[in-house]
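I have a structure I would like to understand better, so I am pasting it below and will then ask my questions one at a time.
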Amino acid sequence: ENGISPRAVWQFRSMIQCTIPNSKPYLEFNDYGCYCGLGGSGTPVDELDACCQVHDNCYTQAKELSSCRFLVDNPYTESYKFSCSGTEVTCSDKNNACEAFICNCDRNAAICFSKAPYNPENKNLDSKRKCA
């Protein structure tokens, strides 16, 4: 437990379930490749892993926004409003500047995940060897 609010991670999870119905985001996307899950280093191993790298970088940018200063270094703690229609995610225009930015980070990642092939061999990768 490193300060990540279950509610905000749960929102990202719901978003992924919107763009990829019947997916199990925690099981499938956590600890995948070099960037999916906590932390990240090296070169992404595939398209899905690259989605996670972009998402990590997006969160890094969020932390630098003046509107996100109160986040205490963790965008996962910010909850935002969004809706799902079919497989289409829409971030609410009621979000403040920081929420809107993080919502878009998550939305873009969820869309990216839905277009990327899933390679089971990249799940639980030996990141010390493969992501140096």
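Glycine is no exception: its Cβ is also placed from the backbone N, Cα and C atoms.
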Pick from Cys36, Cys91, Cys98: which cysteine does Swiss-Prot list as forming a disulfide with Cys68?
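Matching partner in the record: Cys98.
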Can you tell which of Asp56, Asp93 Swiss-Prot lists as binding Ca(2+) with Tyr35, Gly37, Gly39?
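Same Ca(2+) site in Swiss-Prot: Asp56.
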If you look at what Swiss-Prot says, which of Cys105, Cys112 makes a disulfide link with Cys51?
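Here Swiss-Prot pairs Cys51 in a disulfide with Cys112.
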When you check Swiss-Prot, which of Cys36, Cys58 turns out to share a disulphide bond with Cys52?
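So the cysteine that Swiss-Prot bonds to Cys52 would be Cys36.
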Near Gly37 (Ca(2+) binding site), meaning Cα within 10 Å, which of Cys52, Cys98, Cys131 (disulfide-bonded residues)?
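Final answer, ordered: Cys52.
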Please tell me which one of the recorded positions listed here (Cys18, His55, Cys68, Cys103) sits closest to Gly39 (Ca(2+) binding site), measuring Cα to Cα?
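The answer is His55.
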I need the nearest neighbour of Cys84 (disulfide bond) among the recorded positions Tyr35, His55, Asp56, Asp106, using C-alpha distances.
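Spatially nearest to Cys84 (disulfide bond) by Cα position is Asp106.
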